[in-house]
Amino acid sequence: MNEIKCAVAMNQIGYPINGQKTAVFNEKSSGFHIEEEGTKRIVYRGKTSQPAFDRSSGSEVRKGGFSELAKPGTYVLVDDEGNRSTPFALEERPYGELHNGLLKAFYYLRCGETLDEKYAGEWGHKSCHTKLGVVHGEEGVYLDGNGGWHDAGDYGKYVVAGAKAVADLLLAYEMYPKAFVNSIPLPESDQVMPDVLHECKVELDFLFKMQDKRSGGVYHKLTTRHFPGLSIMPEDDLDELVFSPISAAATASYAAIMAFASRIYRTYDLSYADQCLRSAEYAWEWILKHPEAGGFKNPADITTGEYGDGCLFDEKYWAAAELYHTTNQEKYHSAFREYSTESFPKCELGWADVGGYGTISYLRKGKTEENQTLYDSLQEELISEAERLLSICENDGYGISLEEKDYMWGSNMVLMNRAMLLLIAMEWSPKPEYVKAAAQHLHYLLGQNTLHLSYVTGFGTHSVMKPHHRPSVGDDVDAPVPGMVAGGPNRNLNDEIMERTLQGKPAAASYIDHEDSYAGNEITIYWNSPALFVVSYFNQK
Ligand code: G3I
Ligand code: 9MR
Ligand code: ZN
Ligand code: CA
């Protein structure tokens, strides 16, 4: 699977008619033609660029564009060596199914409810993790933590991870509502509230349960003490659930996402919006009362995902931005100003570096007479980050913004986060180059990469087949649960099978489609979410 031998790297789903259309070739292909699938009629002939060395893939590559080809259809590209691409579509909006699939993945990750055949097809399972969880360090205190989404290939539920994922989904909906007009459908679909908001509500309803009602602080995570075996189905994972201690990271990202949600849900459900805001403000009070609270460390008896974080200014900055955006209150504005003077990345969208969400929220609220200086400097920072990414793309063989060092655990999140940032920068600096660059990132995710592999399960001719995802391993269906974005190449080879099989590979080829590869082939909610954001842009009606 890792060694698909063909010489043409392309987006295996297809290209929008009016979009950027490119393929990447090996050093030998100096030209190519495109034929209609079926009739084999040649509709386009093109040349490729001179070969150039691409550091990340460790090889010479050529590029070839065919943006002029604008007739809808299904085609195959053939280089002058006779190498054929997989079939691809040219359509006005080729990513409709992919968009649904990426959102549906969240449904498949739901915890605490039966996924029945009607919605889950062959990938259904019984309800799971429905027992109360014990509060760590408080013997005999049990709480309900039902619902939400499993984080990933494991069944843990982690607040900072959930906050990033919901943020991407709400932002996609807020910025590109026209991408969400079709129903998936979900059990809750009602033709009133868009499905994406129904799906996010599943996670938000769970997040409420993570807030300590006595203090406003938010438990870091709800997991078993250790990861279950790889073939354990959710309903068979019966070890005791534990609420890990409250953390400042969880509490601040909780405040941020609840304040954001309060704005979005107000149109549909006033009392829900009020509930979100009240609990965001309660979490904020906890933050003010615990200025010294540091990053989270796993208690000695717990070994599930840590989601540790050495810098919490960004979470607080994000929370202040969302609370200010939603309430317009000066106390949040001044807190935001204060955190903005601290040094941390203001444009990152990771699970640990959330400064970008604060910046975006603040900028989207708008410029006023009294915030001009800060507004302008944040806007400038965002645009200069987009420019920096663009210049990396221009020098990359596959046209993306990842440098060798960026191929780490979850490199596909780095990839999609950066495409997101380029698209968001469009709001303040509408340069077509940003959209083209973002499109290249999506083409990479869907097969225009050195492994000629689509990193989204179930989408593309050669896609990930063996994700580190417990239900996909444990069920008796050959195909993995569809619509899930794998972590991707990781030059740090952080798991045993990568270490054993991938020594010496170039960064972008440091990947194996094997179910044991948790550091390259796991899936998570916050790798799907930025991909959904990016596809939303290209799926607008
Ligand atoms: O940021 C540093 C970078 O500066 C440095 O150069 C580089 C080289 O070591 O490391 C970078 O940090 C990496 C970090 O991810 C970046 O996000 C760490 O090495 C790497 O170990 C870390 O991996 C995280 C992994 O958990 C292990 O802690 C992943 O981001 C994170 O997505 C993953 O999350 C797991 C959960 O714990 C459990 N559930 C599944 C989930 C996905 O695998
Ligand atoms: O399966 C676990 C995966 O979901 C986590 O993301 C990963 C994070 O560290 O850990 C995996 O569990 C592995 C454990 O860490 C080490 N022993 C092998 C486990 C996988 O089977
Ligand atoms: Zn569950
Ligand atoms: Ca942080």
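Quick reminder: no glycine exception, Cβ is built from N, Cα and C everywhere.
From a predicted model like this one, the values you see are computed outputs, not experimental measurements.
Here TrEMBL flags 7-78 as domain 'Cellulase Ig-like'.
Look at TrEMBL and you will find 95-534 tagged as domain 'Glycoside hydrolase family 9'.
Its own atom aside, the Cβ of HIS468 (active site) has 24 Cβ atoms within 10 angstroms in the protein chains shown. Taken from TrEMBL, the feature active site applies to HIS468 (among others).
There are 20 other CB atoms within 10 A of the CB of ASP513 (active site), with all protein chains counted. Residues or ranges marked as active site in TrEMBL: ASP513 (among others).
Listed in sequence order, ALA152, GLY153, PRO467, HIS468, HIS469, ALA486, GLY487 are the same-chain residues six or more apart from GLU522 (active site) with CB atoms under 8 A from its CB. Mapped onto three states, the DSSP output places GLU522 (active site) in strand. If you look up TrEMBL, you'll see GLU522 (among others) marked as active site.
With a cut-off of 6 Å between Cβ and the nearest atom of ligand 1, the active-site residues HIS468, ASP513, GLU522 reduce to GLU522. The DSSP secondary structure for ASP513 (active site) is coil. Residues of the domain 'Cellulase Ig-like' (7-78) grouped by DSSP class, helix first, strand second and coil last, total 0 helix, 38 strand, 34 coil. In three-state terms derived from DSSP, HIS468 (active site) belongs to an extended strand segment.
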